[in-house]
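To start, the structure itself, in structure tokens.
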Amino acid sequence: MALIQNPNMKHAPFLRNRSPQQTLFIPYTLSLPISYQNPKRLKTANSSSSSSLLAPVILNSPVASSSPPPIYCAPKFPCSSGAATVPLSRVWREIQGCNNWKDLIEPLNPLLQQEITRYGNLVSTCYKAFDLDPNSKRYLNCKYGKQTLLKETEIDQPEDYQVTKYIYATPDININISPIQNEMNRRARWVGYVAASSDDSVKRLGRRDIVVTFRGTVTNPEWLANFMSSLTPARFHPHNPRLDVKVESGFLSLYTSDESESKFGLESCRQQLLSEISRLMNKYKGEEMSITLAGHSMGSSLAQLLAYDIAELGLNRRIGKGDIPVTVFSFAGPRVGNLEFKKRCEELGVKVLRITNVNDPVTKLPGVLFNENFRVLGGFYELPWSCSCYVHVGVELTLDFFDVQNISCVHDLQTYIDLLNQRRTNSRSVDSDEDEDSDNVALEFLKTNGEKMMFLKRQRMMYWSNAVDLLFSFSNHMSYCNIF
């Protein structure tokens, strides 16, 4: 597949300056036995200085200054993920990205690593609970009730959050097949949930956390929505539609389409989310709050659309108080909109942390050719198509595992989470009881994920086959548009 990065290529293509996007590169290599690459150079965009509260848990961070951050060599081994010395309740705003995660990525701050993992596990719940059995009464719905979802999916500390609403999305897809099949394709399906932190967890988190999680692409109509690669105005604000702010039409359709013609009259994904978030914000309006949106693959696109929607409508603004932070944790997410979408998100204070794998082709889509890297010629001349280029939003935390070549594994959410937690220290104490064999770390990691992905492959082979058949029914024009 032409879009997949060749693992035998040098890493140089990934080290080019991605300005104006802030890029933070974390070297990571898995091989048998483990081999570590030479230190790579990092380049970060300007951002505000980080809080001094986080100083005790940041190791080897560069000295802050008013001048642009210098180019420096990353350490050969990532930072240790040992216990943090500052409680989350004191620094949660920094962890949520108030300073664009400055000095928290390289080396990776233990608290940030912990929170990314926690939100990633909340997203994985959507996959574990999604019913794909056509013979089940809960087909395309969640297997469990809201009260038992987190416990049934064996999430750590399920009592920390209370699920308040399930979210459904309706793909607006019509292709040249039978009317009955088209009706099934337009059927709403469960894509995630809204949850609020419990009273007991508020003390540890430092605020009331409203969380929305989205799963990635699973069903055939969702695959087709991903291939509707054309930019269209979002038009979220009723009085100021901002026609220059454009997003990918397939993601927008999934976010805004409803099932109003059915006997149930289900609202769109957007209406469900805005209504529930507004209700929760009104319920906890006297408390310190945060809005955290997390998603994998297609779900990260929905999370970014929701974040922009909330901020554009001003739902997170409070009179006489500071704005409620809106943060997106994106796992393996594609590009969502154009340059104006990125600029507007930054103006509104939407924070996005993108966790990506350099070998994951999904993170290169859409806009394989025309994107933020080919918008300006020679660093000076704006190209005519720059307004139509897809652009990533936010700060990028890159996991580099070139030796993982399984196409299923490189995009798998659990692989992302596992790799994020396979951090190694610069040095290990001689007296440490953890005398593990370093040559077996990568072997165990690949073995575990390989067995898991082979099981999933056998379980879902029918769905992949159907997806391929449907994709081949697309016109050559649509396929051409997706490449660009």
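Keep in mind that glycine also has a Cβ here, set from the backbone N, Cα and C atoms.
Sequence annotations record features per position, and here Swiss-Prot assigns active site, acyl-ester intermediate to SER297. Annotation for SER297 (active site, acyl-ester intermediate): same-chain Cβ neighbours under 8 Å, separated by at least 6 residues, are GLY216, THR217, PHE331, ALA332, GLY333, PRO334, VAL362, HIS411, LEU413.
Under a cutoff of 8 A between CB atoms, and with a sequence separation of 6+ in the same chain, the neighbours of ASP360 (active site, charge relay system) are ALA332, VAL410, HIS411. Taken from Swiss-Prot, the feature active site, charge relay system covers ASP360 (among others).
According to Swiss-Prot, the active site, charge relay system annotation covers HIS411 (among others), on the basis of similarity to another entry. In the shown protein chains, 21 other C-beta atoms lie within 10 A of the C-beta of HIS411 (active site, charge relay system).
Look at Swiss-Prot and you will find 295-299 tagged as motif 'GXSXG', backed by similarity to another entry. On the 0 to 100 pLDDT scale, the motif 'GXSXG' (295-299) averages 96 in the predicted structure.
Taken from Swiss-Prot, the feature transit peptide applies to 1-63.
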